[in-house]
Amino acid sequence: MMASHRPANHYCVSRPVYSKRAFDEDNDRQIPESRSFREKLSASSKCSSSRAKQVLKGLFPILDWLLQYPTKQWLPSDVISGVSTGLVCCLQGLAYALLVSVGPVYGLYAAFFPILTYFFLGTSRHLSVGPFPVTCLMVGSVVLTLAPDEDFMRPGNESMVNGTLLESESMEVDISAREAQRIVVASTMTVLIGLFQLGMGVFHVGFLVRYLSDPLVGGFTTAAAVHVLISQLKMVLSVPTHSHNGFFSLAYVLSDVFRNIKQTNVADLVAGLLTIVTVMAVKEINAKFQHKIPVPIPIEVIVTVVATGISYAVDLNSRYGASIVHSIPRGFVPAQFPNIELFGEILGSSFSTAVVGYAVSVSVAKVYAAKHDYKIDGNQELIAFGISNIFCGCFSGFVATTALSRTAIQESTGGKTQVAGLISALMVLIVIVAVGPLLQPLQKSVLAGIVIANLKGMFMQICDVPILWRQNRTDCFIWVFTCISCIVLGLDVGLLTGVVFELGTVVVRSQFPTCSTLGNVPGTDIYRNFKDYKNINEIPGIKIFKCNSPIYFANIDYFKEQLRATVGFDAVRVFKKRNKALKKIHKLIKKGKLKITENGLVPVAPLGVDNEAFESEQDPEHVEGGAQQEVEDGSRQEIEVEVQVDWTSSLPVNVTVPKVNIHSLVMDFSAVSFLDMMSAKSLRLVGLNSACDYGTYNMHCFYNMLNSVKK
């Protein structure tokens, strides 16, 4: 049975061929009205009631929905969502404080204060604002650098003999002094992060985040997950390590862990491993049966309550030496101004953390905004997070953005607006003022296990690498390079290296664009690349050249090389050779040694060795002035020759002129988004010479187009 083919659809397009100038004249092109800076400033500063209302709603997006809030329909869902999310916020706040290397109570502050300001200023209705492992670790790396344990060593086991203080044989860390300094560094960095975000929002430079592509963010967050895992490994094992940061810090931490592996506390190890397995297993159940379970099982809360009860009942700290939280004081610490003297040392790290935090929060917010059909204002989000971090830092909290797991819980449990976020903040407040001290027997390895269990989503991003390899290998290289750089060099330097590499790939791809020669699909007016299809025919005497990139100063030479390889000759060289041959022919005709006949040029007398036409040829490219100077100036003196020369036959002068096997060159610029002046000048030169050499209408149109670009 013969296979039947579907009949192809046909179309026909017929319109005049325009140059840009002719098209503008025929259609009365309108010139945009330009206004001076004073006029723009005057228009923007006009005040009216409608404009004031618009500005007020822009600064406080809550006014858009709060006045229309359907209490009976949405409030029950927001309350349920807020309670569920608030319980997770408390536990994650305590756990992520370990990443910042500060006391757990400061994690509660970081989970409470940012929600209050974001409630009024944020444009997302579903984000759960608070600590995020990646940004916490970036702050923690700076904290460990500026406040390492070595700076707070003091003599231990002091004794007095006859009123004299004996020197201690061992040293111990002054925990209270170290804690005070570390929270100063963390809160100061949080304020600076907020200032960066606020400034970016005010000046509308949120577009900088666009340079963080999905492959780059994927590689970065996966590397951050590795850093978090290694940093929490010492907590699960409860082994002492030194403070390491910067290049190869992970290798040093692992070296310390394995060197002290014999000091592992079994009670902490068992508690940590059980926490990881239990939390990950229940999270899988929540994900698998999310449509059947009205509220996800709050496994972090359950594990924490059970672990705290066991630790208190068995007295794991005294009997087995388990590392516990120890102190979670009730209430808040007084507000304090940041230490401005530290700004110079944390400037670069603060900026990179600000960009990463904003990129993570906006990417998550856009997902849920698209799902629930509302818009996100990127610049307003910068202002909201900036003010939230400044407010949080002044109350001894650390950097806040959003966490994917908390936001997913807030949305999946029925959260409609940031009222759910406000309820979750109320839950954190209850823990801060009342419940906190009850969690003091909790083992730190349990909190570390909760952190590790929540890293699964970031580690699963490794599965994107084979997909990227099949779809776009450049994106795959960006992912892998960024991930390796962040693991080896540290998160801040690694992120900068990844951005530079990403921009380098853009430059390389545009500097060496994909160029192709097109051929005709038989029986159609469709043209495709010769390398992609077998059933493609080349039109005799015509070359169709396509460039898939903007043409500018950096790639114009490469473009001309590809064009030369496509047509098989150098148009400029052909022009100069023919120009030289025409000069000699014209000279011989004037001397009467050549005459014009119907059969072409015929010598009048035998050409001897003294014939000037057969003088030794010099490459015009090495001759000062002459044709080369004429070509570079973009103009040439027309040589009036009354003869038509057949360039395919032998010439009566000893000049080697390259053969030209085409009569038309068509350049497909449908994928060229822009030309700069240098490329326009170079292409105009190629088009002018080609039009002279081939006498083609196509190249004349190309020449007119370049003239309009130049003007």
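Even glycines carry a Cβ here, placed using N, Cα and C.
Predicted automatically and left uncurated, TrEMBL annotations should be read as such.
Listed features, source TrEMBL:
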- 532-683: domain 'STAS' (DOMAIN)
- 105-122: transmembrane segment (TRANSMEM)
- 129-147: transmembrane segment (TRANSMEM)
- 183-209: transmembrane segment (TRANSMEM)
- 266-283: transmembrane segment (TRANSMEM)
- 295-314: transmembrane segment (TRANSMEM)
- 382-405: transmembrane segment (TRANSMEM)
- 417-439: transmembrane segment (TRANSMEM)
- 445-469: transmembrane segment (TRANSMEM)
- 476-501: transmembrane segment (TRANSMEM)
Using Cβ distances below 8 Å and needing 3 or more such pairs, separated by at least 6 in sequence, tell me whether the transmembrane segment (295-314) contacts the transmembrane segment (445-469).
yes
Where, among 105-122, 183-209, 266-283, 382-405, do we find the most CB pairs under 8 A to the transmembrane segment (129-147)?
382-405
Is it the case that the transmembrane segment (382-405) and the transmembrane segment (476-501) touch, counting contact as three or more CB pairs under 8 Å in which the residues of each pair are 6 or more positions apart?
no
Using a threshold of three or more Cβ pairs below 8 Å, and leaving out pairs closer than 6 in sequence, do the transmembrane segment (105-122) and the transmembrane segment (417-439) count as in contact?
yes
In the predicted model, what is the mean pLDDT computed over the domain 'STAS' (532-683)?
71
Are there residues at least six beyond either end of the transmembrane segment (445-469) with Cβ under 8 Å to its Cβ atoms? List them, or say none.
91-92, 94-96, 98-99, 104, 133, 215, 218, 221-222, 224-225, 228-229, 232, 235-236, 238, 265, 268-269, 271-276, 279-280, 283, 300, 303-304, 307, 322-323, 325, 403-405, 475-476, 479-480
So if I exclude everything within five residues of the ends of the transmembrane segment (476-501), which remaining residues of that chain have a CB under 8 angstroms from its CBs? That is, six or more out.
134, 137-138, 141, 211-213, 215-216, 218-220, 222-224, 226-227, 245-250, 348-349, 352-353, 356, 464-465, 468-469
Give the nonlocal contacts of the transmembrane segment (183-209) in its own chain as ranges (CB under 8 Å, at least six residues past its ends).
100, 102-103, 106, 139-140, 142-143, 146-147, 336, 338-340, 342-343, 346-347, 349-351, 353-355, 357-359, 362, 378-400
